[in-house]
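K.L.:
Dumping the structure here so I can ask a few things about it.
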Amino acid sequence: MSLSGRGKGCRSLHLNEDNGRFVLLAVLILVYLLCGAAVFSAIERPSELRAHGRWNGTLLNFSETFNISLQELNSFLREYEAAIAAGIRADALRPRWDFTGAFYFVGTVVSTIGFGMTTPVTIAGKVFLIFYGLLGCAATILFFNLFLERIITLLAVVMKAVRERRIRNSGLLPPGIRHDFSAYSLPGWKPSVYHVMLILGLSAITISCCASAMYSPVEGWAYLDSLYFCFVTFSTIGFGDFVSSQDAAYEYQSLYRVANFFFMLMGVCCIYSLFNVISIVIKQVLNWMLEKMSCLFCQRCNKANAFLGRRNAIRPGSRGRKGRFNHQPESDGPCDSDTEGRRLSGEMISMKDLAASNKVSLAIMQKQLSESANGYPRTVCGSSRHNGFSGGVGALGIMNNRLAETSNSR
């Protein structure tokens with residue numbers, strides 16, 4: 001293959017990098033699922049077989065002791081399973097469909113937790129749930145995204161204040177602005193996405209530990225089971241094997257239900273925000289893997305890539321190559337839609353560069369963090385503002401700016 005042919009191969013690879021990232025992520029998720037299935041099968045399958053053996057022995061002994069056929073006994077058990085689905089238990093439980101029980105149910109619906117302890121059994125209830133959940137889930141996802149924006153703003157302000165205090169105490173601030181920090185924007189500084197991820201992770205752990213300390217004595221669960229319930233609930237997995245606030249009566253019942261609602265709301269919001277930030281790190285890893293894979297197809301890709309534009313991604317280590325070839329830095333102008341708009345997906349520079357310097361700029365998330373801390377909005381291209389698609393972070397920011405680009409292209 002000629003040199004020009006190799007260059008074309010590299011260019012073709014990078015022009016389709018969005019699709020390559022999507023396919024790579026799909027393959028990695030499939031591998032992740034296969035590995036998870038193998039691990040859980042190895043851990044849980046023996047216990048399942050033992051439980052089946054014990055249950056079959058119990059049925060046989062009961063049938064022989066009370067002279068009841070296995071067919072009649074199984075028919076009775078199927079009736080009991082139907083009763084369980086309707087919310088009937090051997091122990092006294094709270095009513096499923098009084099107002100407070102229905103409020104608990106709709107909360108699990110719109111938050112996509114879906115424990116499964118309470119489900120509609122009438123045709124009218126099932127039809128209403130379809131339309132109710134469609135609007136409610138969409139509105140709740142929007143709420144989570146707006147919550148994420150405000151959490152990022154709060155963290156940015158706090159981290160900026162801490163950095164300003166450190167600079168002031170070190171005596172590095174210029175004399176003219178020593179007592180007026182509002183006019184000082186700390187040029188060159190941007191909060192680290194890794195710091196945001198660490199703070200959100202610690203917050204999620206703190207909320208889970210506090211909630212578990214409440215659930216363990218009130219519900220009678222082991223502390224580890226309470227932590228397990230918190231993760232399953234806050235991540236909206238919602239298996240339903242553990243469900244809080246289901247007994248008919250509790251000591252300080254009203255206070256417990258309010259605290260239960262508070263912990264669930266804060267936990268879900270915090271875990272959702274953490275998932276969005278972790279997804280940025282995952283995308284950075286995908287970018288690094290794609291670049292390594294491109295090296296297998298062309299040994300000269302490191303030189304060729306320095307002159308090739310990339311859409312919607314920042315290659316790890318790309319800053320060093322730009323410096324060697326005197327490539328012009330990206331524009332920060334108000335209408336740089338191909339850089340400012342497309343980088344809203346939140347990619348970052350390489351972790352190697354991050355370790356080498358604590359002043360490197362992480363893409364979009366850090367840009368939004370800095371702008372939130374400095375108190376001015378991110379500049380948006382006029383056409384995006386005209387079409388009404390702008391703003392947001394995480395999944396919401398990606399969707400808004402994709403819609404803006406699609407609208408502009410028309």
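Cβ atoms here come from the backbone N, Cα and C positions, even for glycine.
Please treat TrEMBL annotations as automatic predictions, because they have not gone through curation.
Pulled these features from TrEMBL for this protein:
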type: TRANSMEM; residues: 22-43; note: transmembrane segment
type: DOMAIN; residues: 94-151; note: domain 'Potassium channel'
type: TRANSMEM; residues: 102-123; note: transmembrane segment
type: TRANSMEM; residues: 129-158; note: transmembrane segment
type: TRANSMEM; residues: 193-215; note: transmembrane segment
type: DOMAIN; residues: 206-283; note: domain 'Potassium channel'
type: TRANSMEM; residues: 221-243; note: transmembrane segment
type: TRANSMEM; residues: 255-275; note: transmembrane segment
type: REGION; residues: 318-341; note: region 'Disordered'
K.L.:
Among the recorded stretches 22-43, 193-215, 221-243, 255-275, which has the greatest number of Cβ pairs closer than 8 Å to the transmembrane segment (102-123)?
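P.N.:
By the under-8 Å Cβ criterion, the transmembrane segment (102-123) pairs most with 221-243.
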K.L.:
So how many of the residues in the domain 'Potassium channel' (206-283) end up helix, strand or coil by DSSP?
P.N.:
57 helix, 1 strand, 20 coil
K.L.:
Please give the sequence-distant neighbours of the transmembrane segment (22-43): residues at least 6 beyond its ends with Cβ less than 8 Å from one of its Cβ atoms.
P.N.:
282, 286, 289-290
K.L.:
Quick one: DSSP breakdown of the domain 'Potassium channel' (94-151) into helix, strand and coil?
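P.N.:
Counts, helix then strand then coil: 41 helix, 0 strand, 17 coil.
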K.L.:
If I take every residue in the domain 'Potassium channel' (206-283) and average their pLDDT values, what number comes out?
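P.N.:
Averaged over the domain 'Potassium channel' (206-283), the predicted model reaches a pLDDT of 92.
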